[in-house]
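K.L.:
The transmembrane segment feature in TrEMBL is assigned to 7-34, 40-61, 73-93, 99-120, 132-150, 162-186, 207-226, 246-264, 273-291, 297-319, 331-350, 356-374. If you look up TrEMBL, you'll see 206-388 marked as domain 'Major facilitator superfamily (MFS) profile'.
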């Protein structure tokens, strides 16, 4: 991961600070939702609102990056974060479910900006597209900082007189302003050079990128959203243990980035996708086996690793796409599915319980498996025709 342009490292670090509040929101979004929602079935609606915000703002964020550059994108993301933090504090003070929804929606808008930052790697590496997977891994490594800091902010409520969790939103606002200061002093990106789109075989590269990323995020979000409520509200695990499981899950989402970029370069797209699917299948051998702390922790760690492999592979395909609008459309589709996953997770959990969540997630793997099987069959037939 060495020898990338210096601004990419600074952007990755600043992006981690910008995203530090997101793991905190993921951890407490459903728990606060249970306390404030008019119906328990709506407990995960705030998390769904955050993902809806990501999906709704993905295309505008992509256009901001393409037209205004990464500095304007970062400024926009920071302002959205500050607005979301303010709404969250007000919601906790007034015990308002609708203010909490507004907070999560704003944080979703901010997350869309932060997600698009990873595609700034193309601005600096347009003449070296083979290094894009490594650059994407550097950006995803920033999630380690967010994973450590974000959930920890929920545990330090004594610093201010604000209601529980309010202090965390104050602290993270300061971190985001510091990140903005770092980015504003960076140089402008070089002029974009065209990237030659890589051939994805018999499947259109854009279609494959979307199917991969949708599967990665949809399944991860569906299981992860249900986990804090299942652990803390349904099976009596402590908030400290619940926090630890989510924290380890988020770390598992990003620590593999130390080697994922090189792994994709070495294995290639197809084998990387198969590896990600294997990790996802391994998740359910634990989550379907019981509801002890070890079942949750091991399952969520494997879920994070599988997500990293699949999403980095999907993002690599998206970053190399020749259509400048594709990245925004890609993220819009991905996070639309994530919004549906987040919202439906609460309903499935309350109506059918934890085991059903796992079986629905397993079914979510089938489209990607079908696409890969189709791709494999077509390629085998093509080789046979060429040999004949």
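Each residue, glycine too, has its Cβ placed from N, Cα and C.
Heads up, TrEMBL stuff is auto-annotated, nobody curated it.
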K.L.:
For the transmembrane segment (99-120), could you work out the same-chain residues 6 or more beyond its ends whose Cβ comes under 8 Å from its Cβ atoms?
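P.N.:
Residues 8, 11, 15, 18-19, 21-22, 25, 29, 32-33, 36, 45-47, 49-58, 60-62, 64-65, 70, 73-74, 76-78, 80-81, 83-88, 90-92, 136, 139-140, 189, 315, 318-319, 327-328, 331, 335.
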K.L.:
At a C-beta cut-off of under 8 Å, are there same-chain residues at least 6 beyond the transmembrane segment (246-264) that contact it? List them, or none.
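P.N.:
Here the qualifying positions are 1, 23, 26-27, 133-138, 140-144, 146-148, 150-152, 220, 224, 227-228, 272, 275, 297, 300-305, 307-309, 312-313, 316.
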K.L.:
Should anything in the same chain at least six residues away from the transmembrane segment (162-186) have a Cβ under 8 Å from its Cβ atoms, list it; otherwise answer none.
P.N.:
7, 10-11, 13-15, 17-18, 20-21, 24, 28, 32, 70-71, 74-75, 78, 81-82, 85-86, 88-89, 92-93, 149-150, 153-154, 156
K.L.:
Please average pLDDT over the domain 'Major facilitator superfamily (MFS) profile' (206-388) for the predicted structure.
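P.N.:
Residues in the domain 'Major facilitator superfamily (MFS) profile' (206-388) carry a mean pLDDT of 87 in this prediction.
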K.L.:
Are the transmembrane segment (273-291) and the transmembrane segment (356-374) close enough to be called in contact, which here means at least 3 C-beta pairs under 8 A that are separated by 6 or more residues?
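P.N.:
Per Cβ check, the transmembrane segment (273-291) touches the transmembrane segment (356-374).
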K.L.:
Using a cut-off of under 8 Å between C-beta atoms, tell me which stretch among 40-61, 132-150, 207-226, 331-350, 356-374 contacts the transmembrane segment (73-93) the most.
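P.N.:
By Cβ pairs under 8 Å, 40-61 leads among 40-61, 132-150, 207-226, 331-350, 356-374.
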